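Visitor: One structure, as structure tokens, below. Some questions next.
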Amino acid sequence: MASEKVETVVAGNYLEMEREEEGSKSTTGKLSRLFWHGGSVYDAWFSCASNQVAQVLLTLPYSFSQLGMLSGIIFQLFYGLMGSWTAYLISVLYVEYRTRKEREKVDFRNHVIQWFEVLDGLLGKHWRNLGLFFNCTFLLFGSVIQLIACASNIYYINDNLDKRTWTYIFGACCATTVFIPSFHNYRIWSFLGLMMTTYTAWYMTVASLTNGQVEGVTHSGPTKLVLYFTGATNILYTFGGHAVTVEIMHAMWKPQKFKMIYLIATLYVLTLTLPSAAAVYWAFGDQLLTHSNALSLLPKTGFRDTAVILMLIHQFITFGFACTPLYFVWEKFIGVHETKSLLKRALARLPVVIPIWFLAIIFPFFGPINSTVGSLLVSFTVYIIPALAHMVTFASAPARENAVERPPSRLGGWVGLYSMNVFVVVWVLVVGFGLGGWASMINFIRQIDTFGLFAKCYQCPPHKA
């Protein structure tokens, strides 16, 4: 009887969203629906895949030089599956929260549900505060990383300006994302973004293989524990892009269909990250230890310049992905989230961009900053907290009995699910946060000692600095 009641509620929840989708099929809404207003399963897949592999694609060969070829491949497969698992847990908690709220007749038509609200509704204010802190801090630095990547990449086309100056310029460009209302409106951008990273990944692969190995190439990794765990944590960061899962789900017409989307997106992403990282590492070997951006080693050609330009555009898109949830939090804080004025919301969002701009200028360490953010923030935001929250939410027998989304029997039911969650928490706490945090902080401090804060041109050739 309980399961029938839940099913009825869930079926009714999304009729409102489906009617909104049908309304967009009117004659006047066709162009908007095609380019601007998405909400299908395919939109969600493109959003997940496009957001997951961005500038980090260029740093994975650097991670392979720290880890060695075999460990690099194993960690990509391992963290890809682990990331897909915790994204699934987040989607389950979202559906559980939304179902409970809509039984209480809560209307979400002008409100975007976010991860901290899911935690608040299911587990209380302390969990909300924990989720809000880690999620916002991670997304803040995720936006910083995209801005740093813009400056790092454009320098390889035009080195007349130093990287810090390029950061100023691209900070202003990325600020225009305040005009994109929500994840509904990333339809065309998500599609184009994934095409851009697909081109770049296969360019890196083909260019490395056709140019062959550089003279005297060596592949000595792994040589030091600090480098090994720094590289592993960068891969943890790579597959931790599901901090925006709840916002992507909320933009779907039928969010309950999200379950396997992140896994399928991850499988596609692996077809880009594994060949490109392996090929570049094979070609350049230990040179990558001092070249965290793989494009810096590839020969300057029209194909490389195309890859740089496409990655710049994609980083603009990914900046929007990371920053949009921060915009939502800020809107809710100052009380303008539910206003229908796009201009008013855009102006209200501008203060969010300022600290991102400033941090990108202070810490321009493209590559090492990924590992630091991965160990200290990603480890909790998208691995430990979702696994713990899921276990606590369904700890009681009544909660498990009335769960909207039950664990698949092929995974061993609730026992199998809890076993996997415990493994995720322990592994990420010890290896990701503990060892990864130790290694990445040592490496990060070395960058500060070598280049200094506010570095004008990080890892630029000496004669161009």
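Including glycine, each Cβ sits where the backbone N, Cα and C put it.
Unlike curated records, TrEMBL annotations are generated automatically.
Found this in TrEMBL, in case it helps:
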- 37-429: domain 'Amino acid transporter transmembrane' (DOMAIN)
- 73-95: transmembrane segment (TRANSMEM)
- 132-154: transmembrane segment (TRANSMEM)
- 166-183: transmembrane segment (TRANSMEM)
- 188-205: transmembrane segment (TRANSMEM)
- 225-249: transmembrane segment (TRANSMEM)
- 261-284: transmembrane segment (TRANSMEM)
- 307-330: transmembrane segment (TRANSMEM)
- 350-367: transmembrane segment (TRANSMEM)
- 373-394: transmembrane segment (TRANSMEM)
- 415-439: transmembrane segment (TRANSMEM)
Visitor: Please tell me whether the transmembrane segment (73-95) and the transmembrane segment (373-394) touch - that is, whether there are at least 3 C-beta pairs under 8 Å between them, with each pair 6 or more apart in sequence.
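Guide: Stretch pair touches.
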Visitor: Among 132-154, 188-205, 225-249, 307-330, 373-394, which stretch has the highest count of C-beta pairs below 8 Å with the transmembrane segment (415-439)?
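Guide: Looking at each of 132-154, 188-205, 225-249, 307-330, 373-394 in turn, the most contacts to the transmembrane segment (415-439) are made by 373-394.
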Visitor: Between the stretches 132-154, 188-205, 350-367, which wins on the count of C-beta pairs under 8 angstroms to the transmembrane segment (307-330)?
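Guide: That would be 132-154.
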Visitor: Any chance the transmembrane segment (373-394) and the transmembrane segment (166-183) have 3 or more Cβ pairs under 8 A, given the pairs are 6 or more apart in sequence?
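Guide: Answer no, regions not in contact.
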Visitor: Between the transmembrane segment (350-367) and the transmembrane segment (188-205), are there at least three Cβ pairs closer than 8 Å, leaving out pairs fewer than 6 positions apart?
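Guide: Touching, no - the transmembrane segment (350-367) and the transmembrane segment (188-205) miss the threshold of 3 or more Cβ pairs under 8 Å.
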Visitor: Report, as numbers and ranges, every residue of the chain located at least six residues beyond the transmembrane segment (132-154) whose Cβ falls under 8 Å of a Cβ in that stretch; write 'none' if there are none.
Guide: 54-55, 58, 114-116, 163-164, 166-167, 170-171, 173-174, 243-244, 293, 295, 308, 311-312, 315-316, 318-319, 322-323, 325-326, 329, 355-357, 359-360, 363-366, 369-370, 373, 377-378, 380-382, 385, 458
